[in-house]
Every structure is written in C-alpha cells, then in structure tokens.
Amino acid sequence: MPTESGSCSTARQAKQKRKSHSLSIRRTNSSEQERTGLPREMLEGQDSKLPSSVRSTLLELFGQIEREFENLYIENLELRREIDTLNERLAAEGQVIDGAELSKGQLKTKASHSTSQLSQKLKTTYKASTSKIVSSFKTTTSRAVCQLVKEYIGHRDGIWDVSVARTQPVVLGTASADHTALLWSIETGKCLVKYAGHVGSVNSIKFHPSEQLALTASGDQTAHIWRYAVQLPTPQPVADTSQQISGEDEVECSDKDEPDLDGDVSSDCPTIRVPLTSLKSHQGVVIAADWLVGGKQAVTASWDRTANLYDVETSELVHSLTGHDQELTHCCTHPTQRLVVTSSRDTTFRLWDFRDPSIHSVNVFQGHTDTVTSAVFTVGDNVVSGSDDRTVKVWDLKNMRSPIATIRTDSAINRINVCVGQKIIALPHDNRQVRLFDMSGVRLARLPRSSRQGHRRMVCCSAWSEDHPMCNLFTCGFDRQAIGWNINIPALLQEK
C-alpha cells in the first residue's frame, strides 16, 4: 500500500505540473504574439527601396516563418515535458513490476528507448516544417522574378536551338530535328515563316546583325543563308501565368505530360524552300554556324572535326580551321571583334583570332573533363564554357591557364547564353532545369517548372533578348516547344 500511495502522489504532482506548465505556455504564446506585432508595424512604417509588392510578400513570408518556429518551440516544450513525465513514471514503477525488480540497466534501456522515439518524432516534425517553409520561400521568390509569358508550339520534333533577331521586326527563330526552322511572333506565339530547305535536322539558327537574313546549320552537311520577310500580327493581351503554380506543383514530369502537338500549326504560314546561299565544304554534320561581326563572313562547326570560314557573298571557303581531335559541338563569334571560339568533344575549346587579315592565331583552353558543349563570349575579354562534366567555367582571354570562376551543377549543361548587359548566365540542363548564375558563380534563380509549365524534357538551348519589353529570355528543348520568359533582372540582382 505505501507503494501505491507514493505512486498516486507522484502521478498527481506530475498532473499538476503538466497543467501549470500548459498554462505557462499559453501565456507565453499570447505575450509573444503581442510582442511580435510591434516589430512588424515598425518595419512596415520604415522607408525601404523595395517595391511595395515585394516588401509585402517578404513581410508575409517572414511572419509565416516566425509562426512556424513558434509552434515548433511550443511543441518542443510539450515533448520535453512528456519525456520528463515518462521518466518519473518509470522511476516510480521501477520498484515493483509484476513482482520483479528492474535493474538499473533495464530501466535505463527502457527510458532511453522511449526518449529516442520522442526525439525522432521531434526531429521529423522540425525537418518537415522547416523544409516546407524554405520550399515555399524559394518558390515564391522564383515566381516573383521569373515568369513564363509565352509558349511557342508547332515543331514536330525536338528543338535544338533558339535565337532572337537583331533587327526590326524582332522575331524568334527555332531550329528543329524535324528538318525545319520556324520564325515566330514573340508577342502572339504565331508562326510567321517556315524554312524547309534542309533535308536533315536543323541544328542551329542565327540572325544577320543588320539584314533580314537567317543562317541555319544542318545534319545534311550544309549551312544555308536565306532571306525572310515578315509582318507582325497585332499582339493580344498576355494572360498572367504567374499565379498558376504553387510550391506543391514543383514535381517531376514524365513524357506522358507533354502537350499534344499532332497538329502542325506551321502549315498555314509561308514556307521558304530555296536558300540564297548554300555553304558546302564539310564531310559531316554541321552542328552550328554563326555570323562574324559585320555579317560579311560566316563560320560553321562540324562533326568532321573542322570549322570553316566562308565569304557570304561568294560562298567561297576562306579558311578551314583544323586542330580539334574529336567532333565539334558549337561555334560562337565575338559581337564586336573578329574572334571565333569553337567547342569540341575533345574536352577543349579553341579561340581563333582573325583580326589580322594576313594571319590567324589559335589558343587552346583546357580545363573540362568531358565534352565542351558550348563556349560563348561575354563583355570584355571573358569566355564562358559549359560541359557535360556538369561544370561551367569563366575564363579570361589573357590568362588561359585556369578559369577565374567555376560553377558546379548536378546535370550536364547544354548551349549556354550570357546576358551581356547584366552579365547573367543562363544554363540549360539535361535534367530539364534552367538555372541563372552571375559571372562570379553565384546562383541567382531557377526557372519555375511544374506539371503545367516549363520544359518536360531536356533543355537544349537558351537565348537572351535584353531589349524586348515582353520576354527577355527564351529556352527550347526536346519536348518540341520554345518558351519565352520575363526575368525581373533588377529584382533578381537585388535578391543577390
């Protein structure tokens, strides 16, 4: 009987302690809520350079974070109280259980097991709550600065390349494995012109710097120059797609989720079948082509391990650039100087200098461990290279020994593009993601992707259009669509 009396007394004390502690928690909760209202009001009254919409969103998010952590704190106190109560009960019952005494080691083991279960519950609750907060915060901020504006659907196979015209009218160009290149109205998403002069996959498209000419490279071992004339349709109001995605919608998509593209929307637009000029000298697939500054010469890159420089007016071969040990993957020209960079599966890229008409020099850049998928010029004396080794490297042309910055990612990188004015790199990945980095390697954002928007398969290429008011970044992929994005660059850089 004394044992029962002691047990009841202990239980009663524990119950009173629990009730008192619960009241204390509620009081603490109430007073904390009263106190947290003051800093928020003070913050809302302070001057800030942030836009009111962004400021309101941030205040709401931080308020949510505060509430979540307050709830976690209260739950933590409750769990600790339960642990103490359990230990007290085990200590009281440890005297006689079924007529046999528990040894200290057995009692310790039982208490430790119960405590570890409660501790694991606490950890699981904490991780789930905090990860949800972080996911919500990242998704909301990504939607605020990166919004899908328009989808360009009409190709019947994957799209390898995307480019924006540099002259008026500004149109979007896409190159596809369906043997065609299409020109689109950026504002309406309507197909304006279809080029069907190639008999193989169209692997790249680039616009002339000052005329309505397009340069396309193809698997038929040629590059074509063709003239287009378009009349832009009247733009329609753009639907706001920024609210059509939530944090829970950031899920993996299968190929079954691809849009129905059986209808050929390009069948109604004018079709060009004969080029102005055909550049023929390669013995393999022409994987890329670009205009040299001024537009009087063009360079092509091929799987025959060479790059060729042509005179546009005469179609004559000016230089054959040899030296790569394996197939070329890309070529790019400098916007203001007679410089060319070629990329290859031999893990290198080469810089070719044609500024001196009498001689051209070449520099080899080594640093990647797998195929260099592309290398592009930026402002000044920098080149950015991307590779299947999942890295992007920024190089100074005056120092070829080592890169000045390295970006490491989780997926192979395809044809990159740099926003020259803001020095932002767009990285399209094999894993369907598109990420934005600055030149120092700091990650700025990831383009939203869900079951309802974004690319469903490998993203092949990206292209910036800094002056267009509606879309300033375009991406294309093997899901047969191109996408126009509006990137709020000031907000993006401010978050950095």
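Quick reminder: no glycine exception, Cβ is built from N, Cα and C everywhere.
The compositional bias 'Polar residues' annotation in TrEMBL covers 1-13 (among others).
Per TrEMBL, compositional bias 'Polar residues' is recorded for 22-31 (among others).
Marked as compositional bias 'Basic and acidic residues' by TrEMBL: 32-47.
Among the features that TrEMBL reports, compositional bias 'Acidic residues' is placed at 247-265.
For 1-50 (among others), the entry in TrEMBL reads region 'Disordered'.
Residues or ranges marked as region 'Disordered' by TrEMBL: 236-267 (among others).
Taken residue by residue, the repeat 'WD' (152-194) breaks down under DSSP into 0 helix, 21 strand, 22 coil. Sequence annotations record features per position, and here TrEMBL assigns repeat 'WD' to 152-194 (among others).
According to TrEMBL, the repeat 'WD' annotation covers 195-226 (among others). Confidence in the repeat 'WD' (195-226), given as mean pLDDT, stands at 98.
Cβ atoms under 8 Å from those of the repeat 'WD' (279-320) belong to residues 161, 200, 203-204, 206, 208-211, 213, 215-225, 326-338, 340, 342-344, 352, 354, 360 of the same chain, restricted to positions at least 6 beyond its ends. Residues annotated as repeat 'WD' in TrEMBL: 279-320 (among others).
For the repeat 'WD' (321-362), the residues of the chain that approach it from at least six positions outside its boundaries are 284, 287-293, 299-309, 368-377, 383, 385, 387, 389, 397, 415, 420, judged by C-beta separation under 8 angstroms. Annotated repeat 'WD' per TrEMBL: 321-362 (among others), in sequence order.
Sequence-distant contacts of the repeat 'WD' (365-405) (same chain, at least 6 residues past either end, Cβ-Cβ under 8 Å): 329-330, 332-335, 339, 341-345, 347-351, 411-418, 420-421, 423, 425, 427, 437, 439-441. Feature annotation from TrEMBL assigns repeat 'WD' to 365-405 (among others).
DSSP assignment over the repeat 'WD' (365-405) gives 0 helix, 22 strand, 19 coil.
Counting residues of the repeat 'WD' (321-362) by DSSP class, helix then strand then coil, yields 0 helix, 21 strand, 21 coil. For the repeat 'WD' (195-226), the DSSP-based tally of helix, strand and coil residues reads 0 helix, 18 strand, 14 coil.
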